[in-house]
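Q: Supplied in structure tokens, the structure appears directly below.
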Amino acid sequence: MAVEMLYEADVKVAALDGKKIAVIGYGSQGHAHAQNLRDSGHDVIIGVRHGKSFDKAKEDGFDTYEVGEATKLADIIMVLAPDEIQKDIYKDEIAPNLSAGKALGFAHGFNIHFGYIKAPEDVDVFMVAPKGPGHLVRRTYTEGFGVPSLYAVYQNPTGNAENIALDWAKGIGSARVGLLVTTFKEETEEDLFGEQAVLMGGLTHLIEAGFEVLTEAGYAPQLAYFEVLHEMKLIVDLIYEGGFKKMRQSCSNTAEFGDFVTGPRVIGPEVKENMKAALADIQSGKFAREFVEDHDAGFPRLKAFRKEAEGLEIEKIGAELRKAMPFVNQNDDDAFKIYN
């Protein structure tokens, strides 16, 4: 079902005016939301545990508190800590300091949708989910536009939750480029599916498989890297700018013919069935349970996955080749880190 895109002219609310806003967490999304809202004229404080993020928030000029104290002081509390620690932060520091009429916000529906956080019935619960990482939310705001966002309301005892969500999205710059209404269920399940089946899980394993096929057939690993990984950005940029049509128009007839002939052989019906199974695991809560259980055990599976991935030949080859390509390594890695 199609939904209508909203823009700044459609957001005729001032629900954040006169309110004290606490951004909980000062990592990838936290720093962007906080700085954009402050630059939009809103009263923002930071709630975060003592450590690197606490120091960084103070350095950036914010009044910074422990999470519980920030929750007490604020009218609107936006939880932007990593998914896996939100439930503990909420139970230990946020919940004891919530009171009727306050609003609780999220940028991803994971903990609310799967029931790891259960807000009191007299507290508004809303979501504003930018469709991009925090450094882009901040950078595009400073450049005069923004990143599109989804917004949703989970519960609305005050009758003002939707206005808060819309004004928040406007304050971080998203209304400049477009807002789409959703639900916590829809955002959570679609976001997880996109990450797992296409954007990360699907893409990285497709690249890895292509690299292995070429190198196992005797082709030079350096050439294989360029063919299946390095050129990926060039293709994705074209798709990003103008869809499949622009990408195909920008490539040779040989490449386009091969796309149509071989693509369905590689990504056949069985892949779609596997995707459906992955979606079912997300919808049932199976993936969420596995993720939370792994976190609670100290992330043994995630750490093992990371160690295995670090040993891949394509990663070693890529690290060497990128040393000779400074143009692909100019970003500040610190902008991509997520601090708890």
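Glycine is no exception: its Cβ is also placed from the backbone N, Cα and C atoms.
Heads up, here are the entries from Swiss-Prot:
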type     : residues                                                                     : note
ACT_SITE : His108                                                                       : active site
BINDING  : Tyr26, Gly27, Ser28, Gln29, Arg49, Ser53, Asp83, Glu84, Ile85, Gln86, Gly134 : NADP(+) binding site
BINDING  : Asp191, Glu195                                                               : Mg(2+) 1 binding site
BINDING  : Asp191, Glu227, Glu231                                                       : Mg(2+) 2 binding site
BINDING  : Ser252                                                                       : substrate binding site
DOMAIN   : 3-182                                                                        : domain 'KARI N-terminal Rossmann'
DOMAIN   : 183-328                                                                      : domain 'KARI C-terminal knotted'
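For each feature listed, report its degree of burial, its nearest neighbours and the pertinent distances within the displayed model.
A: Secondary structure from DSSP puts His108 (active site) in coil. Every protein chain shown contributes to the tally, and the Cβ of His108 (active site) ends up with 21 other Cβ atoms within 10 Å.
Reduced to three states, the DSSP call for Ser28 (NADP(+) binding site) is helix. For Ser28 (NADP(+) binding site), the Cβ neighbour count at a 10 Å cut-off comes to 21, with all displayed protein chains included.
Counting Cβ atoms from all protein chains shown, Glu195 (Mg(2+) 1 binding site) has 14 others lying within 10 Å of its own Cβ.
In this structure, Asp191 (Mg(2+) 1 binding site) is part of a helix by DSSP. Within the same chain, residues at least six positions away from Asp191 (Mg(2+) 1 binding site) with a Cβ under 8 Å of its Cβ are His108, Gly109, Ala129.
Using a 10 Å radius centred on the Cβ of Ser252 (substrate binding site) and all shown protein chains, the other Cβ atoms total 9.
Across the domain 'KARI C-terminal knotted' (183-328), DSSP classifies residues as 126 helix, 0 strand, 20 coil.
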Q: Among the binding-site residues listed here (Glu227, Glu231), identify the one with the smallest other-Cβ count within 10 Å.
A: Glu231
Q: Do you know offhand how many angstrom separate Glu227 (Mg(2+) 2 binding site) and Ser252 (substrate binding site) by C-alpha?
A: 15
Q: Using the alpha carbons only, what distance in Å do you get between Ser28 (NADP(+) binding site) and Glu231 (Mg(2+) 2 binding site) once rounded?
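A: So the alpha carbons of Ser28 (NADP(+) binding site) and Glu231 (Mg(2+) 2 binding site) sit roughly 27 Å from each other.
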Q: What count of other C-beta atoms do you get within 10 angstroms of the C-beta of Gly134 (NADP(+) binding site), across all chains shown?
A: 24
